[in-house]
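Undergrad: Dropping a structure here in C-alpha cells format, bear with me for questions.
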Amino acid sequence: MRILLDNISIIPVSGSNSFIEKGYLLIEDVFIKELGTGKAPEGEFDHIIDGENQVLLPGFINAHTHAAMTLLRGYADDLPLMEWLENKIWPLEAKLTPEDIYWGTMLAIVEMIKSGTTTFNDMYFCMDEVARAVELSGMRAVLARGMVGVGPESEQAIEDSRELIGKWQGQAGGRISFRLGPHAPYTCPPAYLERVMQLSDELQAGIHIHVAETRVEYEDILKQYGKTPVSHLESLGLFQGRQVLAAHCVHLNEEEIGILHQYQVGVAHNPESNMKLASGIAPVPRMLESGIAVALGTDGASSNNNLDMLQEMRSSSFLHKVNTMDPMVLPAYQALEMATANGAISLGMGNELGRLEPGYRADMIIMNLKEAHMTPRYDLLANIVYSAQASDVNSVIIDGKIVMENREIKTFDEQEVLAKARETARKLVGK
C-alpha cells in the first residue's frame, strides 16, 4: 500500500518547533518512506490525499488510561479519590462482564480515534477483550492486566498476565503489545512486587504502575515502609533494568525526580484527572528540566471525563503556567512533544513512533485548519495546542492504514458501538 499526502502543512515533531508550510509525505506499507517540501514524487499510489488547508502531525499517544471505564463516565463525580473508588467505582466494576469490557473499550476507541489518538497505554481487566477490540479497530495499544497484590485475585492476576503476554505480544502486525500492570505500591506489597519483577525479567515485559497519585498515598507509604513511594520502589529494585511507565507522579521530592531520571522511568502526566480528583499538581516542569520523558494521559473517562488528548495538551500547559506563575513554562511545542514523541519514549517506542520521520511507523493524523476557532493562523503550533478541538481531526492513519477519513471510521461500525455501549450502561445501573 502506497499513500501520498500532498499539498499539506506538516509538523514532524523532530526535536525542534519547525514545520513544513507546504509539503508531502509518502507512506509505503506500514512505514513513512519520505517527506519534504516542494513537488511530491511521481509514481503509482493506492491513495492520494490533498491536504489543502490541513495539517499533518504524529498521532497522539495516550500514555495512561483505563479504556473500558468509558462505561462509568458520569456515574460518580465530585468525590475524593478513595471514596470515589471504594464506594462507587469498584462496586460497579465488579458487575462488568467480558462483553461489557469489549464494548466499553470499543466506545473508548471511537472517542480516541475521533480526537486523534493512535496509541493508548491501558491497564484494566478482561484484557483478552481489550486486545480483541484493538485488533479489530486498527488501533495501536500497549496493554496490561491490572494486578492487585492482596485478596483472592492476586494469584490469578499473575497467571493471567503470563498467559496474555504469551498469546498477544506482537499480534495484529505488532500493533498490540503487553506489559505487566501492578496497580500501585499501596495495593501491591513488596513480596508481590518481587514476583512481578521476576515475571517481567522472565518474559522481557515492561511495567505500568500508578505512583504517588495522592498525598494520602504518599504519606501512607512513608509511614508503612519508611520511604516515599518512588524511593520505596527503587529500594525493591523495580526500576533496575526494566522499561517502567509510572502514571501520575504527583507528589515527588527532588530526590525522587533524580531517581526517575537515573533509571529512565517514563512518567504519564494526567492533568485533567489530577485536577478533577484534586490529587495535586505534578512537578512536570522540573521533571522535564531533569530530562525525564514526561508523556500525557487522560486516565479513565470516569475521572476526566473524556479521552481527548487535545484538551490534555491545553490543560497541561495552562495548569503549569498558573502553578509556576510563569507564562513561558510549558510552551505549545513542548506540550505537543509530551502528547507525541515523549509518549513513544515513555513506552520504549521512541525509535518507531511519535515523530514523522522516514523509517518511523505511519501513525499520523490530519487536522482541519478551516474553522473559525483556527482562524487567523499566525502560529500553527499555538493554534493546534491552544485552539484546536477534537472535531478538527479529519483523518487518522495507523500503521499505514486509513482508519478514519473525513470523520468516518473505516474499520468498524461506529453506530453499532454507540448503541451497544448505551445498552450496556443501562444494564449496569439497572435502568
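From the backbone N, Cα and C atoms, a Cβ is placed for every residue, glycine too.
Quick paste of what Swiss-Prot says about this protein:
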BINDING   His64, His66, His210, Asp299  Zn(2+) binding site
BINDING   Glu93, Arg145, His183, Glu213, Asp299  substrate binding site
Undergrad: For His64, His66, Arg145, His183, His210, listed as binding-site residues, tell me which one has the smallest number of other Cβ atoms within 10 Å.
TA: His183
Undergrad: Can you tell me how far the Cα of His66 (Zn(2+) binding site) sits from the Cα of His183 (substrate binding site), in Å?
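TA: Per the Cα atoms, His66 (Zn(2+) binding site) and His183 (substrate binding site) stand 12 Å apart.
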Undergrad: Spatially, which candidate from the binding-site residues His64, His210, Asp299 is nearest to His183 (substrate binding site), comparing Cα atoms?
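TA: Considering only the listed binding-site residues, the nearest one is His210.
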Undergrad: How big is the gap, in Å, between the Cα of Glu213 (substrate binding site) and that of Asp299 (Zn(2+) binding site), rounded to a whole number?
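TA: Cα to Cα, Glu213 (substrate binding site) and Asp299 (Zn(2+) binding site) are separated by 12 Å.
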Undergrad: Counting across all protein chains present, how many other Cβ atoms fall within 10 Å of the Cβ of Glu93 (substrate binding site)?
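TA: Result for Glu93 (substrate binding site): 20 other Cβ atoms within 10 Å.
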Undergrad: Take the Cβ of Glu213 (substrate binding site) and count every other Cβ within 10 Å, whichever protein chain it belongs to.
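TA: Step by step: centre on the Cβ of Glu213 (substrate binding site), count other Cβ atoms within 10 Å, giving 25.
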Undergrad: Between Asp299 (Zn(2+) binding site) and Glu93 (substrate binding site), what is the CA-CA distance rounded to a whole number of Å?
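TA: About 16 Å separate the Cα atoms of these two residues.
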Undergrad: Is it possible to get the count of other C-beta atoms within 10 angstroms of the C-beta of Asp299 (Zn(2+) binding site)?
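TA: For Asp299 (Zn(2+) binding site), the 10 Å Cβ neighbour count is 28.
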Undergrad: Is His183 (substrate binding site) helix, strand or coil when read with DSSP?
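TA: Going by the DSSP assignment, His183 (substrate binding site) belongs to neither helix nor strand, so it counts as coil.
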Undergrad: Rounded to the nearest Å, what's the C-alpha distance separating Glu93 (substrate binding site) and His210 (Zn(2+) binding site)? Just drop the number here, would you?
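TA: So the alpha carbons of Glu93 (substrate binding site) and His210 (Zn(2+) binding site) sit roughly 18 Å from each other.
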Undergrad: Round to the nearest Å and give the CA-to-CA distance linking His64 (Zn(2+) binding site) with Arg145 (substrate binding site).
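TA: With distance taken Cα to Cα, Arg145 (substrate binding site) is 13 Å from His64 (Zn(2+) binding site).
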Undergrad: Express the distance between the Cα positions of His210 (Zn(2+) binding site) and Arg145 (substrate binding site) as a whole number of Å.
TA: 13
Undergrad: Which state, by DSSP, holds Asp299 (Zn(2+) binding site): helix, strand or coil?
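TA: SS state of Asp299 (Zn(2+) binding site) = coil.
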